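What TrEMBL says about this one:
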- 138-172: repeat 'PPR' (REPEAT)
- 207-241: repeat 'PPR' (REPEAT)
- 242-276: repeat 'PPR' (REPEAT)
- 277-311: repeat 'PPR' (REPEAT)
- 312-346: repeat 'PPR' (REPEAT)
- 347-381: repeat 'PPR' (REPEAT)
- 382-416: repeat 'PPR' (REPEAT)
Amino acid sequence: MFTLLRKTPAKKIPTQAAKSNSSFPWRSISATPPSAAEAAQVAAMADLVLKSDPEALPNTLHNPTVEWTPYLVDRTLKRLWNHGPKALQFFKVLDRHPNYVHSSSSFDHAIDIAARLRDYKTVWTLVARMRSRRLGPGPKTFAIIAERYVAAGKPDRAVKVFLSMHEHGCPQDLNSFNAFLDVLCKSNRVEKAYNLLRVFRSKFKVDVVSYNIIANGWCLIKRTPKALEVLAEMVERGLNPSLTTYNIMLKGYFRAGQTKEAWEFFQEMKRRECEIDVVTYTTLVHGFGVVGEIKKARKIFDEMVGKGVLPSVATYNALIQVLCKKDSVENAVVVFEEMVRKGYVPNSTTYTVLIRGLCHAGEMERAMEFMERMKDDDCEANVQIYNILIRYFCEAGEIDKGLNVFEKMGSANCLPNLDTYNVLISGMFVRKKSDDLLVAGKLLIEMVDRGFLPRRLTFNRVLDGLLLTGNQAFAKEILRLQSKCGRLPRQFKL
């Protein structure tokens, strides 16, 4: 286990290397959060697109009083993310604007949305248009496309995308290669990624980031011995591990349930005077907390502060999460309030884990209060929070309250995603009422209109429910929709 540490210089790991990681945030728009005025403008634009008649949309968007900027367009596309057809319609109409030209970032967003809808014809049309306008495509564009192919179960197609980049005017380099490896590994295709690394390591002169990505891939599927083999190979090739390398292994041990090995690895890091940062401590707090060792998690948190390593919001999030899961939600609330008193600003993840904990404890009203409190921290409730509340209300049989939360999403400009519809449709079967099953059918139609593909099981469940409750006419409409989506069961014929 400690071969990796033994082969590394005993003193501190270079901090420059420690900053390298295997994260490629392709969908980030801006590190600076929008102002209240900008957020209001984006919300208004998204609402306008959602409510406008398709034929009237060009006149609305081409109105000379609206000053379009790449930032506004990107944010609006992001706001429309969970209504793919409307988002693409918005992009296409604006592409014909007499005075505005799309930026490369807006093209990337549109390509990502089209690929999520598996509209590959539109994807490659937009790629060609980018090139004709000399806006790209760039490595980011191809990483997005590759990720969507992998998510659709087409990893071989993703490989072809990477290998054909140069044909679209975008030469491959080490950064694009690492991004592609990351896409494969985070989709549990680490073996394919590792084979590609071995084939192309000389061509791209792979670095510590490349090996970190592969090691993380093995850790994600709980195969820590394979991760160690890869890192041993890295050291043999003359590459020194970074702090990120050690944090990957530490997290990998916890993920695999190897808490003893994780603790021994951490102790060896300390003995060899390796640099230990806030990520290391956060991993330990979360890792021990998840297995129920709350006292040890709290002790590590206190040790961290004693060593002069300031906790981050992510550290507090980890502690709040494990307290909700393995201790008590009341103690989690105490830590939340302590965090706020010390000047930390909770983020959406903080509220998500706390609201989930309150819901799990049956404290639904307090959960709703904390959702309202988010506004005080300039933090909008995200779709995950709405989904949590809807799920717990439906599971408790309070369907009307679940539907109220769903309605609130629309007024808050937070569009439902695939999980929202699946949770709510399942909830409609709790009371076994005919009216609830009609609502389930309407939700099914709405989710298809918004570009989501329901599972065959979802179609069949709604169809059977409508037939059993005497809603034959509506059942025929659902059956036609099912046929259109390619989800028609063999025993049914139109």
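Count begins at 1; order follows the chain as displayed.
Heads up, the Cβ atoms here are built off N, Cα and C, so glycines get one too.
Model, not experiment: these values are computed from the prediction.
Mean model confidence of the repeat 'PPR' (347-381) amounts to 93 (pLDDT, 0 to 100 scale).
Counted with DSSP, the repeat 'PPR' (242-276) comes out as 26 helix, 0 strand, 9 coil. Same-chain residues lying 6 or more positions outside the repeat 'PPR' (312-346) and placing a CB less than 8 Å from one of its CB atoms are 278, 281-282, 285-286, 288-290, 292, 294, 297-298, 301, 304, 353-354, 356-358, 360-361, 363, 377, 379.
Remote same-chain residues near the repeat 'PPR' (138-172) are listed as 24, 26, 104, 107-108, 111-112, 115-116, 118, 123, 127, 130-131, 179-180, 183-184, 187, 189, 192, 196, 204 (criterion: CB distance under 8 Å, separation of at least six residues from the stretch ends).
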